[in-house]
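Participant: Mind having a look at this structure? Questions to follow.
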Amino acid sequence: MKAIKPPLLLYMISGFLFFLSIIIDNEYLTLVSKPVISSSIFFYYLQESRGKVSFWFSIVLLLLFVSGIFNLFEDELTLQYVILVNLVVYCILLGFVIRSLFEINLKSLDNVSLTYIILMLFFLSSLLYVCLFLVFDSTSVLYLYIIVYGSILLILGFLNTVLYAFKNSKEVVSLMMATFCFIICDLFYVIYYYYYDFIFFRYISVLCNIISFYFLVNYFLLRNENK
C-alpha cells in the first residue's frame, strides 16, 4: 500500500477540520483550516509535478484562494466578488475544454452517448432554472450576476459532458468531476443562503468545495503528463 504524500495528508486533515468547523460553528477553526486546503494542494501539485508548475494552475488556485477568503464574510456584497472571481476560474477551465474539443477527432456518437448528453443538458438547464426563477427574483441585485455565472457554469458542465463522450480519459474525468463539484457546491450555497436555510445544504456545499480541489489538481497533473 502506497504511503500518502505529506501535502495530500495535510489537505485531507485541513479539509476535515474545515468541514468540522462548519458543523460545530467554530469561526476560529474555519479561519485557520480553510487557507491550508489550497496551500497544501499546491504543495502536493509541486511534489507530483516535480517542480514543473503550470501557470494556469497557479492562477486558478490563487483565484480560488481569494474567492474562499471573500466567502468567509458571507454577505451579499462579498458574494458579488466571489461570483466574479469564480467566473474567471470557470472561463479558464472552459477554455481548456474548448481547446480539447478542437484537438480530438469528432466522430459520430452512438445512441447511448447522445442520450447521455441530452439528459445532462436537461439536468444542467433545470439547475439553472432553479437558481434563476426559484431562488432569485428579477429585482435582486445579484440576478444579472447569477444569469452570467450560471450560464458559464452550465456551458462548462455541458461541454465537459460532450468531451467525455468523445474522449473517455482520466484527465477528462477529473475535470468533469471538479466541474460537477463546483456546480453542486454553488447550487446548494445559493439555496441555503437565499432560499431555505436547511443546514444539510450547507454541509453538501462545503464538502463539494473541499473535494473539488483534489479533482482539479489531478486534472492539471494529468494534463501535464499528456502534453
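Placed from the backbone N, Cα and C atoms, the Cβ positions cover glycine too.
Sharing the features that TrEMBL gives for it:
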type	residues	note
TRANSMEM	7-24	transmembrane segment
TRANSMEM	30-46	transmembrane segment
TRANSMEM	53-73	transmembrane segment
TRANSMEM	79-102	transmembrane segment
TRANSMEM	114-136	transmembrane segment
TRANSMEM	142-166	transmembrane segment
TRANSMEM	173-194	transmembrane segment
TRANSMEM	200-222	transmembrane segment
Participant: The transmembrane segment (114-136) vs the transmembrane segment (173-194): three or more C-beta pairs under 8 Å (separation of 6 or more)?
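Facilitator: Stretch pair touches.
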Participant: Most CB pairs under 8 Å with the transmembrane segment (79-102): which of 30-46, 53-73, 142-166, 173-194, 200-222?
Facilitator: 142-166
Participant: Using a Cβ cut-off of under 8 Å, list the residues of the same chain at least 6 residues beyond the transmembrane segment (173-194) that approach it.
Facilitator: 74, 86, 90, 93, 96-97, 124, 127, 130-131, 135-136, 146, 149, 153, 156-157, 160-161, 163-164, 201-202, 204-206, 208-209, 211-212, 215-216, 218-219, 222
Participant: May I ask for the residues of the chain that lie six or more residues beyond the transmembrane segment (53-73) and have a Cβ under 8 Å from a Cβ within it?
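Facilitator: That would be 30-31, 34-35, 37-39, 41-42, 45-46, 79, 81-82, 85-86, 88-89, 92-93, 96, 209, 213, 216-217, 220, 223-224.
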